[in-house]
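Copied over from TrEMBL, here are the features:
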type     : residues  : note
DOMAIN   : B:195-419 : domain 'ABC transmembrane type-1'
TRANSMEM : B:28-46   : transmembrane segment
TRANSMEM : B:73-96   : transmembrane segment
TRANSMEM : B:137-159 : transmembrane segment
TRANSMEM : B:200-221 : transmembrane segment
TRANSMEM : B:233-254 : transmembrane segment
TRANSMEM : B:290-312 : transmembrane segment
TRANSMEM : B:333-356 : transmembrane segment
TRANSMEM : B:401-421 : transmembrane segment
Amino acid sequence: MENTMKLNPARKTKSLNRNFLMRNMGLIASYTFLIVMAIIIIYPILLTIMSAFNVSNTLYSTSFFPENFSFTENFKSLFNDTAYLSWYTNTFLLSIVTMVLSTVIVVVSGFVYSRYRYASRKSALMSLLIIQIVPSGSGLIALYAMASSIGIYSSENATLYTYIFMTLIYTALGTTMNTLLMKGYYDSIPRDLDESAKIDGATQLQIFTEILLPLVKPMIVVIAIFCFLGPIGDIIMPKFLIASMSSDSKTLAVGLMGLINDIKDSNYNVFAAGAVLAAIPPVLVFYKFQDYIVGGLTSGGVKG
Amino acid sequence: MSQRFIFWLSMVVPGSGHMLLRRVRETLFGYSLLALEILVFIQFVLPNFRLLAVEQPNGKITIGAERFVDDSFLIMVGSTLGGLMLLMFIAFHYAFARDAKDVKRQIDVNGYAITFTEKVRGLSHEIVPNLITAPKFILLFVFAFLPAIVSIIVAFTNYKRPVLPPAFLLEWKGLSNFERLFTNERAAAAFQETLVWTMTWTFCASALTIVLGTVLAVVANNKRIRGKKFFRTIYILPWAVPAFLTILVFQLFFSKVGGMNTMVIPFFTGNEYDVSTAIGFFLNADYAKITIILIQAWLGFPYVFILVTGVLQTIPDDLYEASSIDGGNAWSNFFDITLPLILISVAPVFITQFTFNFNNVTIVYMLGEATVQTIGSIYKPLDTISSLGFRLMMDAKYNEAAVYTLIASTVVGAIVLYTWIKAGAFKNEEVM
Amino acid sequence: MSKISLRNIVKKYPNAEHCSVSDFNLDIEEGEFIVLVGPSGCGKSTTLRMIAGLEDITSGEFILDGEVVNNVSSKDRDIAMVFQSYALYPHMSVRENVGYGLKLRNYPAETTKKQVDEISKDLFLTQYLERKPKELSGGQRQRVALGRAMVRTPKLYLMDEPLSNLDAKLRTTTRSEISRMHRAKGAITIYVTHDQVEAMTMADRIVLMSMGEVQQIGSPKELFTNPKNCFVATFMGMPSMNLIEGSYKAGNFSCDSFTIAVSDTDKKILDDAGYDGKSLFLGARSSAIRSGKKYEEAFPNSCFETTAMNVEYLGDSVNVFFNAEPNNLFVGTLGTGEREVEVDEKVTLVLDNTKLHFFDSETEESIKYTINQVK
């Protein structure tokens, strides 16, 4: 084959051409596939953004671009006619407090499991592994009943107490898998560094704060993001625990779901405006720390 | 006075074994523990246990004796705590018994044993790590472990509206909540249907997510494709936007007045939009089922995409170079090198996809709200075992909800446990 | 009184069957350079880590400056250590790495800077001070690790195989660097290595360990010329000492391939020790194996026939592997001035019988050890 090609230049060009076309066919198919998928992903999102700026009186719209563009109209009615602002603050306060609490717990206990050798260490890790098998929704009934039995719903500050209650639940649930992830990341940092610092004269606390913390920062970021995004995206727990409360007490997820299911007295475009505003912080966080998330995921996931 | 005698004596009365060995401080310690245990038992455990099952004049077995006085739910929680405390007491006794036996052994062998102070000093490095991690375990105990246990108990009671404590006493129902699913003809048929759909949903949604994510990753990571960064940025959007938002957007999008009917279908068919002929994707059970699987694939594939992309980047180029020297082409490259390597590294993650979708209440419940309950059925077409647990909970049918949650948790727990044991996660030092 | 004493040090890990280190005893004088050497798993690193306070001492006493410091934590023992992996803090610049120990000990920033600058100049690191460890080459990292230890003046320097990650050429230069630094600082250095060349070239005294036990302690010369047992004899020196199993009778050593006469001194020693008619090991370094007319005339009673199996050319000399039928393998180091040997050539070898070692075949202890020691 090699020989014939050398002997016959015409044939060589021909086969090269065909090859070229064939290869390009594959490439064209690949691009088509990738672009179609990109459109499928981006289309509903863009449509929602467009709707957020469309003011219409009809229930539906047949055009992609706003028929009646207004930059602020939908947002105005979002803030005036619904309790959107308090949903927003409720949700982000809940997420941020949860994030801080769980991250602190995870970072510290991951350090302990990685660096201390003590009798109950193995059983502690094992119980974390077992506890996280139990689906997080399974205890909801009891949690709700517990909350009402200790008088959270009948108290004057029912909303505040419910949110504290939810924060603690999210924190507890967020610390199992993440602690194991964090511990794995600590384990990847050679113990030589601890020992070297110890000989340099560092206390255990200094080793933790000055040597290990800066080195596990990528994982801390990942875990903080997971713990931040968790409560924002969750609808199950708030739906169940704050369903009967006043509109002001809702989270974004519950509030927006209510908005859409009462579509008669509200309007799709207002919902779209609310959705766009709600999506901005998580999307920004996600894109800002994209590399960390990808890194954390692959390091944790691939290890399995 | 044998070691065994000392052991069992301390097991019954902590400190007594040490007393025989003339160890003053351990003895005092053990006796005060016993005193504390008795106090806790009389003050807390016993009152709860006594009220846990009370026979009423009408023959029913209730939790608590009197309405408004006893809160059945608190008694349930209290009894659970009490049971766990008894286990803890046994553990304490065992620790004392072990120690007493150890002291005796040391005396037998060496003629002396390490002193109390030395023992405490030896334990001191155990205290710090346990203390630091204690808050986490308290949180987990109160907010994850205890509720899970109590929820299991609820499945055996009649806890549903309007039987709400403390206004009513809960009644023990034994296995009847479970039995109903199999003996009651209508309930059984519906349960079977739900079970089939749950399995279909879990399998199809996960498989589609995995295939889509993997194929996209492989195609997008082809060396000849340009604009990788651009595609990646778009492909992780569904992950970045909170799922509840996209689910709501899709709920509208596929409704009779949504973009699917007003724009997409007219674009492809050329027909003008007409409300009367529009398809309500969630109003028809079959359409709803297909739609929800597609939406879940849309939501879930970025995770797999990123994961597989990560694995692809770890595959060294020389593997492909070696294969091309051996005469491999693009197909054989994919099936003989790429795919096996992807599978090895991410197989465990694929399994979590299955358990995730089995347990995925959010999308099923939210889109389920848009569906219509079939006349004569107690279920909605999209209900899975897990989502049903949640929906029944929302309807305040706690005992029935608990039955479904228990079934779902058992299935998921069993699968996860099985895969871990197979993967050797419990022996593996990496995990430990 | 010695600066450092290690008394009956034992290390036994929980659940381990054997001790990792058993009954280690050593007194170290001011300014000594001690090398712990042995094959991997012999307990040398464990010993060093116990001295550093990174491992608990199971039993025994570690006395530093007259005080038992078993329970003193590493940071209060006033030691500096160079790790095999260098253990440089990846997030700190070279300057911060070197100065970290000083910073932790609350030195004023001025002093720290001055000292770091000085040591960096000494180690040719000045231009890299602001770089992170991952931007440095292996040799530079090694120097940073060295600098981090040398910037302080502790009572004791510990080095755990600091050269094992360097290539051969760098290893030689860094070796002399460390010796130079040691002389300049004058503090006790304990150095762990598996490489007997490092031990020979650097040590004031070598502690040779195997299976958790000390085999012999002494100066490089002592270990080389008067090994206490077969293990020491074969471990020290390159190529390894030839050991031939055979028996001694009336001034003659014979094995299945040959019989040679031992020297008069050796004969007296062996006879006195009661080895007449007993089996033993004959030890001969490759340098005691000669070839050529000159040697055949000098040692007429210790010649035998062999075949050259392989020749390794080393420049100034050649290592030749011989086979004395049926199966006694030898390695001899021949100077280039001696006769050239080719593979498969029949060669008459001469044993320089003034340089022979004898070991008990049961205990593998050197028979001449105590006598040589007295000398």
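Glycine too: its Cβ is placed from the backbone N, Cα and C atoms.
Fewer than three CB pairs closer than 8 A are found between the transmembrane segment (B:200-221) and the transmembrane segment (B:73-96), and contact between the two stretches is not assigned (pairs 6 or more residues apart). When each of B:73-96, B:290-312, B:401-421 is scored by its Cβ pairs under 8 Å to the transmembrane segment (B:333-356), the top-ranked stretch turns out to be B:290-312.
Packing against the transmembrane segment (B:401-421) from elsewhere in the chain are residues 148, 151-152, 154-155, 159, 177-178, 181, 348, 351, 354-355, 358-359, 385-386, 388-393: each is 6 or more residues past its ends and has a CB under 8 Å from a CB in it. Under 8 Å from some Cβ of the transmembrane segment (B:73-96) lie the Cβ atoms of residues 10-12, 14-15, 17-18, 26, 30, 33, 37, 40, 44-45, 47-49, 51-52, 63-64, 146, 149-150, 153-154, 157, 159, 165-166, 170, all in the same chain and six or more residues away from its ends.
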